[in-house]
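Quick look at what TrEMBL lists:
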type	residues	note
TRANSMEM	16-36	transmembrane segment
DOMAIN	18-447	domain 'Major facilitator superfamily (MFS) profile'
TRANSMEM	57-78	transmembrane segment
TRANSMEM	90-123	transmembrane segment
TRANSMEM	144-163	transmembrane segment
TRANSMEM	175-194	transmembrane segment
TRANSMEM	265-289	transmembrane segment
TRANSMEM	301-321	transmembrane segment
TRANSMEM	333-353	transmembrane segment
TRANSMEM	359-377	transmembrane segment
TRANSMEM	389-411	transmembrane segment
TRANSMEM	423-445	transmembrane segment
COMPBIAS	454-473	compositional bias 'Basic and acidic residues'
REGION	454-504	region 'Disordered'
COMPBIAS	492-504	compositional bias 'Basic and acidic residues'
Amino acid sequence: PPPANAGRAPGPPDGGWGWVVVLGAFVSIGFAYAFPKGLAIFFKEIQDFFGTSYSEIAWVSSIMLATTYGAGPISSILVNRYGSRPVVMFGGLLCGIGMVSASFCTSILQLYICVGFITGFGLALNLQPSVIIIGKYFLKRRPIANGLAMAGSPVMLCTLAPLNQFLFDNFGWRGSFLILGAILLNCCVAGALFRPIGAATASVKTQETEEGKDALKEEIAKDAMEMNRPTDVPMETEVEEEGGKDCCEKVNQYLDFSLFKHRGFLIYLIGNVLMFLGFFAPIVFLAPYAKHTGIDEYSSAFLLSILAIVDMFARPITGIIANSKWVRPRIQYFFSFSITFNGTCHLLCPLASGYTGLVIYSIFFGLAFGMVCAMLFETLMDLVGAARFTSAVGLVTIVECCTILLGPPIGGTLIDTFGDYKYMFIKCGAVMVLAGTFLFIMNYYNYRMLAKEEKERKAKEEDPKSVRTENEGRNNWNKENAQDGPELEPLSEERELKKEVNGT
C-alpha cells in the first residue's frame, strides 16, 4: 500500500540545502530592501538635472517602495501557482530591464515609470518568494534563518552607498543606472538556488522525490486517485463544479481573506500601517540632510554605510535573541519595543550637531532598524502560522503600500514648507513611537485573550457533562457501525483474511 504521507510535502529540514536557500534569499532580499535606499545618492543631482523639488524627487523611491509592497498579493499568487524559483528569476529580469530603461529617461515622469513601477514590481517578485521559501525550509531555526536572510539588506546597502557614489563620479547618473541594471540581474542567479522542497499536492497526482521508481509512482498515483475520488461521482460532474466556481472562490484559493477575522493579524496590520508612515523617510533623506548641512558627498554616503554595517550585525543577533526560550513565547513585545526604540532615535536626531552627531545617530538608527526588519515577518508567521503565511504576506503588503507611498513625499513636503529637515525627523519619530505603543498594548490584550480562551477550552474538556456527551456520541457511532455491517470495517476483514492465510 502507499505510505501514509504520500502526496504530502515533506517537513522543514532545518538545514542542509536550506542554508543555500538562505544565501539566495540574502541576495534577493538585500536588493529588494537596499536598492530603493541606495538610489538616494543620485537624488540631489537628478533634482538639479530636471529642476524638481524635494517632494517630487522623493516620489521615485516612494513609488518603488509602494510597488514593491503593493504587488505583494500578485507575488503571493504567482508563488502559489508556480513556486518561488521562477518568480524570483522573472523579477530579477524585470529589475534589470527597468534600470536599463531608466538610463535613457528624459523626464521625471519616465523615471517614475521605469524606476518606480517596473523595477519596483521586479523587487516585489524578489521579496515575498524569498521570505516564503525560508518558512518552508526552516521551523526550529526559523528566526535565525530569517535574521541571516534579512542581513542581506544592510550588506547590500553598505556596498551600494559608496558604489553608487563611485559610479556617479565616473559615469554620471545615466551610466550608473545602466550598470546597476546589469548588477540587478544577479537576482536571477539567487532565484536559481530556490530548489522546491516539495509540492503540497491537493490534486490527484502525487509527486514522489525518489527517482528511478516509475512503476511505484504509477501505483501510488492510481491508489491516491481511487482513494480521493468517490466511485459514484463522475469526472464530468467535478469538472463542471470546478468551472462553476465564481471569481471570489478562485481568488480565495490563493489569498485567504478569512485572515481579516484573525485578531492577532488585524493588530499586526494596523500597527504596521501606522509604522510605515515614518519607517523609510529618514533613510531616504539621511544623505541629502548631511549634504544640506555642508558635509561632502562621500562623507554623506558613508553615513549610510555606517548605518548598514551596524544593521548587518543587528539582524542576525536579533534573530538569535528572538529564538531564545525567554523571548520567543512573547516575541510580539520585543517587536513593539524595537519600533518604539526606532522612533525615539528619530525624535533625538535634530539634537545631533555636526558630523559626529550624525554618525552617532546612524549607529543607533542602524541598530533599531535592524531589530525591526529582523522580526518584521517572523512576528507575522508567529501569529498566523506557516500554512497561512503566504496569504498573510500578500494581504499585509497591499495594505501597507499606501502609507509606504505617502511617507517620503510627506517628509519632502515638510522640508519644502519649513526649509528644515528636523520637522521630518520629528514626524517620523512621533508616528513610530505611537505605532510601537499601540502594538505593545494590543498584544498584551491579545495574549490575555488567548490565555483566557485556552483556559476555557481546557475547562470544557475536563467538564464531566461534556465528557459524558462525547462518550454517548461515540457509543452511538459504534452501534451504527455494527449495524451497517462489514462494509465500514475493512480493516477487520483484512485481519481475518490474514489469520486464515497464516492458518493454511
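Glycine is treated like the rest: Cβ placed from N, Cα and C.
Cβ atoms under 8 Å from those of the transmembrane segment (301-321) belong to residues 34, 37-38, 40-41, 143-148, 150-151, 153-158, 161-162, 164-165, 283, 286-287, 290, 327, 334, 338, 358-359, 362-363, 365-367, 369-371, 373-375, 378 of the same chain, restricted to positions at least 6 beyond its ends. Counted over residue pairs 6 or more apart, the CB atoms of the transmembrane segment (90-123) and the transmembrane segment (144-163) come under 8 Å in fewer than three pairs, which marks the two as apart. The average pLDDT the prediction assigns to the domain 'Major facilitator superfamily (MFS) profile' (18-447) is 78.
Within its own chain, the transmembrane segment (389-411) is flanked in space by residues 55, 58-59, 61-63, 65-77, 79-80, 124, 128, 131-132, 135, 254-257, 259-260, 265, 268-269, 272-274, 276-282, 284-285, 377, 380-381, 383, 424, 427-428, which lie at least six positions past its ends and keep a Cβ under 8 Å from the stretch.
When each of the listed stretches 16-36, 144-163, 175-194, 265-289, 359-377 is scored by C-beta pairs under 8 angstroms to the transmembrane segment (423-445), 265-289 comes out highest. The stretch with the most CB contacts under 8 Å to the transmembrane segment (144-163), chosen from 16-36, 175-194, 265-289, 333-353, is 16-36.
Panel annotation: around the transmembrane segment (175-194), residues 20-21, 23-28, 31, 35, 42, 83-89, 91-93, 95-100, 102-103, 115, 119, 122, 126, 129-130, 133, 164, 167-168 of the same chain, lying at least six beyond its termini, place a Cβ under 8 Å from a Cβ of the stretch.
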